[in-house]
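As annotated by TrEMBL, domain 'Pyrroline-5-carboxylate reductase catalytic N-terminal' applies to 21-107. The transmembrane segment annotation in TrEMBL covers 204-229, 249-271, 292-313, 347-365, 386-407, 419-442. Among the features that TrEMBL reports, domain 'Ferric oxidoreductase' is placed at 249-394.
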Amino acid sequence: MNKNSSNTMALAPNTSNKRETVCIFGTGDFGRALGHKMIQSGYPVVYGSRSTQTSSLIPKDAEVLSHAEAAQKAAVIIIAVQRQHYNFLTPLAEILHGKVLVDISNNLKINQYPDSNAEYLAQLVPGAKVVKAFNTVSAWALQSGTLDASRQVFVCGNDIEAKQMVMDIVRALGLTPLDQGSLLAAREIENYPLQLFPMWKFPILLSLGLTAFFFFYCLIRDVIYPYIYENKDFSFFIAISIPNRICPVLALILLALVYVPGVLAAIIQLYRGTKYRRFPDWLDKWMLCRKQLGLVALAFASLHVLYTLVIPIRSFVRWRISSQTISQAQKNETEPLNITNAWLSDSYLALGILGFFLFILLGITSLPSVSNNVNWREFRFVQSKLGYLTLVLCTAHTLVYGGKWFLSPSSYRWYLPNAYMLSLIVPCIVLVLKFVLIFPCLDKPLTQIRQGWERNPQYSE
Ligand code: NAP
């Protein structure tokens, strides 16, 4: 019986597919783009506008009426009007009573008003059920169909049924609603589109600062010093040699900085004997941008690889090799192969290749599409264990590159060590601290603390 009835249901015309009329106040850019998308998805659309004359820009299947007439035709009304014009809604309060008003508005500045636009709307029309949605989707993306980057629509509101109705519309448009809770969340949702890569600010500023510092550092050591003391013009080093010194230095320092907050957090927790006290603000912020720091580090490492690949075709390098060959030919002698140097050079390259491979693996697993497909333990394994292995390999790559030059006086022009020597400071400190922290006498209490144990419990029974 069940089987039959389900078959009959499947064959019967699906009356539930008929969509309810949606009203849109405002025939501006967003109102038109959203109306267009809604009509495509099967929703009858009626516009409420100050002028009832239709224009060629308005979707041709939509009706344009006065605000009051349009509002009467739908249970859901989308307010595609700027906040500063919301006053026109006050005389319509009676008609809007019980209706679902969707606030899609954005502001020009973060926290521009003391209350969110959605809360302001709810206060203006107290009888309506206000839901915040769609503000993170742009009119252009709606119209052009390039919604991949902004498929998620944050939705919030105090009335669960109203929120559900709006989320159903969002889904019908092929977007993904994300329930953010009550209308209190509206402020944050309104600030969201105004943020300019908030997590990237610190990593980008830090890498710009470090790049400037190391550029001038290398310029002084590798261009100005030989010019003054040896009368040699190495100014062309600015194009490839100096960037190829800065990139690995920054990649290593930034990668090490990804692991510094974890080590600091462990030390703080051990010292306090609890995990229930908040970390200082700066440490919290640092922890939140570790992924971005790692990705910037990966970008520098990739540039280093590219710069290294062109070394053999550089005119300066070819000139140096040919002059060494000619000088050997003139002296009629062949330099024997230095096995130590060959070992150092091969090991340095091998460590670099392996380090870069793991670095890429870390970068790939940090992509949302990949990280969403691994569980928390797998993600932690890759980011922490493989991450530390990457740091060890890249640090070893730099140490072997230095080889026997660490103690050579020629490495200290004007008492300035080579840039790669400076780059080893942070990673070596991080690795030593991490090594100390895995000793059982520290690791055991730390694990207990992270499982909730406290040295001096605040709320003892
Ligand atoms: P818009 O092009 O300036 O259109 C706003 C519409 O509001 C006008 O076309 C007009 O429609 C109506 N309006 C203007 N003054 C009015 C008044 N005094 N009283 C009543 N209605 C008035 O703006 P928009 O780009 O469509 O943006 C509309 C809302 O969507 C804004 O709150 C914005 O923050 C939000 N939003 C926009 C985008 C986007 O990409 N554009 C993205 C997300 C959110 P009528 O002439 O038909 O009355």
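Start at 1 and count along the chain as shown; that gives each residue its number.
Cβ coordinates are placed from backbone N, Cα and C, and glycine is handled just like the others.
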Arithmetic mean of per-residue pLDDT over the domain 'Ferric oxidoreductase' (249-394): 92
Three-state composition of the domain 'Ferric oxidoreductase' (249-394), taking helix and strand from DSSP: 122 helix, 0 strand, 24 coil
Cβ-Cβ under 8 Å with the transmembrane segment (204-229): same-chain residues at least 6 beyond its ends: 197, 235, 237-238, 241-242, 245-246, 249-250, 253-254, 257, 293, 296, 300, 413-414, 416, 418-419, 422
